[in-house]
Amino acid sequence: MDQFIDVVSFEIEAGHGGAGSVSFRREAHVPMGGPDGGNGGDGGDVIVRVDARINSFGKIKSRKRFRARDGEPGRARLSDGKRGDDVVIRVPIGTVVYDEDTNNILADLLEDGQSYTVARGGKGGKGNKFYATATNQAPDYAQHGLDGEKLNIRLEVKLIADIGLVGMPNTGKSSLLARLTRANPKIASYPFTTLTPNLGVCYLDYERSFVIADIPGIIEGASEGAGLGLTFLRHIERTGALCFVIDLTDEDVADTYKKLRNELKQYSKELIKKKSIIVLNKTDMLEKDEIKAKVKAIEKAVKKEYKNNKETHYEEPEIFALSVFSLDGDMLDKVTNAFYKANEERYDNTKKETKEPLLLNQNKTKSKLKTKRVFGPVVSKRLGNSLGIDVIPHKTCSYNCIYCQLGSEENTKTSLANYYSVDEIIYELKEALLNNKNIDYITFAGSGEPTLYKDLKKLIYEIKQITDIPVCIITNGSLLYKQEMRSDLLIADLVIPSLDAGNMDTFKLIDQPNKEIDFDKMVNGLIEFRRVFKGEYWLEVFLLKDINDSKEELDDIIKIVNKIKPDRVQLVTATRRTSNEKAKALNDEEMEKAKKYFEANCSIEIDVPSVSDKAKGNTKKITEEDIINFLIRQPDTVHMIAISFNEDESRVSELLKKLVESGKVREEIVNGVLSYAVNI
């Protein structure tokens, strides 16, 4: 087992930009070839990234310095230098990044996959081609690359837990942790058995659980560095509540309690403001009268302290006298419920914080329109009457695809978050199911990448408790390389990932992925998920004219398709507005030609989806609210809105006219076509 190291310091330096090239075109019969020097590549970044599989800095403790690679210099024939490779420092959940020189906090990393760029690489220099002008057609100079950022950082990990077990050495904290959770800390009858913090999860039922942290024993003077306390006191800063574990065999249990609280107060006054519980352990070693007397003594001490220091208490702590080794039945239930109750306010606040408003543009202006997480049903080309669930704020995605109808968003993400509460979504879904019949699928789609929703598995589970309608996840597949993500999606009935390219260059051109997403890793995730998933697996291939529709590009895609072996391949193209004018649709003839090429080269069902007959049976009358909830996720034309709701274009035009007049919707000309979008 790696040694638990919770503080490390490093010198950090990003890569320097590569120099631009001074070069001139030299070819036979081209005497005035002109400058053709390429630009230098940008230097690599230094990135700190959370990895849930790591619990300390043990693997990097001996490092003194991290430096990213420099960008390569430009070359002749307008060839740009390669970007320098990034350096990624993998850290545990709960890592705080400090500027070592100023002690300022640079980042607080709380979620698996979350990243922070501590030093950015220098920009590459311009080649001499860049400096050519009408008066100087042969510049003999180029730009040097810029230096990368450089600084000293300190990393500290602070464990994230709901309950922190606090006590003197050898009071039974580790035994209590082991009894309440599946943690397996070292347990023995001598002081300082626990030399590192231990974590365990206590499950009350499917929905309710909490994390317990066992902190090494605290002795008097710990806040000043005595014993092991100072080293690990930081780990209870993030806990929601504290449990003071006190040995009933101590001569003066009230004095022990006072000493523990005093050490916490000396370290940080915020610690003693936390809710608390008191567990008096080792009742099996005393007579009933002794136990009763000591419980009364500590009750008296608690009441006195609470009376004199109300501003530092939420409320008087509950007190439990027990023996950890015989903890079961009613007493076990009482203790676990007390632990959970101590954090209820924290859980409620978390839910409130995660109910973020829908965001519709890059500057994150709040929408004044009320939008729902459940929308439709809409007529889907692939899924018939589809009731949509949108768990992601506008344009929150791991890709910035050039064909996205929502517009461009360079701030891509890979970290997961709970943007909306599961209860809120389930409430809306129940209401929608009462008002809509003949639903073919409940589909996760809409404003962004649904796998960025942290509680996706739980939400799918809750949906399956209220309906037998199959659940579909439409995903770009970018996060399927993560084992935990593949596990979360196993409960779905149908998963439709996308594959827009068969090689790295085209992948970057079309999907413009977050820099954490590697093409080969993404493809391997698609293959591995197919291996373990027992439901229906359809693969979407998005074809764009003059980008990925050539024989060579199709061959690259087909090669990967044959490795994945999906149940079906669906070929689609840009039938709606796009965020980039380069994203051009194939016509019907070209799509049919591509379909036949796929069919000739892979033994998988190939489909070019159109509106299904079953979907055309939808007779729900469209409302202004339906249009708003549709356009906020998918700006579109009158024709496509009418198709999506199986509605007359005249009816759609009439409603859109009212919405435009009210200022809720605006008209836009995109790529020469009139479309409609929601106003902020």
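Just so you know, glycine gets a Cβ as well, placed from its N, Cα and C.
Quick look at what Swiss-Prot lists:
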type    : residues                                    : note
DOMAIN  : 2-160                                       : domain 'Obg'
DOMAIN  : 161-336                                     : domain 'OBG-type G'
BINDING : 167-174, 192-196, 214-217, 281-284, 317-319 : GTP binding site
BINDING : Ser174, Thr194                              : Mg(2+) binding site
REGION  : 371-680                                     : region 'Radical SAM domain'
DOMAIN  : 383-613                                     : domain 'Radical SAM core'
BINDING : Cys397, Cys401, Cys404                      : [4Fe-4S] cluster binding site
Of Lys173, Lys282, the binding-site residues given in the record, which has the fewest other CB atoms within 10 A of its CB?
Lys282
Please report the number of other Cβ atoms within 10 Å of the Cβ of Cys404 ([4Fe-4S] cluster binding site).
23
Output the one of Asn170, Ser174 that, of all these binding-site residues, has the highest number of other Cβ atoms within 10 Å of its Cβ.
Ser174
Considering Cα atoms only, can you say which of Ser174, Cys401, Cys404 is the nearest neighbour of Pro216 (GTP binding site) among these binding-site residues?
Ser174
Using C-alpha positions only, work out which of the binding-site residues Ser174, Cys397, Cys401 is nearest to Pro317 (GTP binding site).
Ser174
Counting every protein chain present, what is the number of Cβ atoms, excluding its own, within 10 Å of the Cβ of Gly167 (GTP binding site)?
24
Below 8 Å Cβ to Cβ and six or more residues apart, same chain only. Which residues does that give for Cys397 ([4Fe-4S] cluster binding site)?
Cys404, Glu409, Thr412, Lys413, Gly448, Glu449, Leu452, Asn476
Please name the residue among the binding-site residues Pro216, Pro317, Cys401 whose C-beta has the most neighbouring C-beta atoms within 10 angstroms.
Pro216
For Cys401 ([4Fe-4S] cluster binding site) and Gly167 (GTP binding site), determine the Cα separation and express it in whole Å.
54
Summarise the model's confidence over the domain 'OBG-type G' (161-336) as a mean pLDDT value.
76
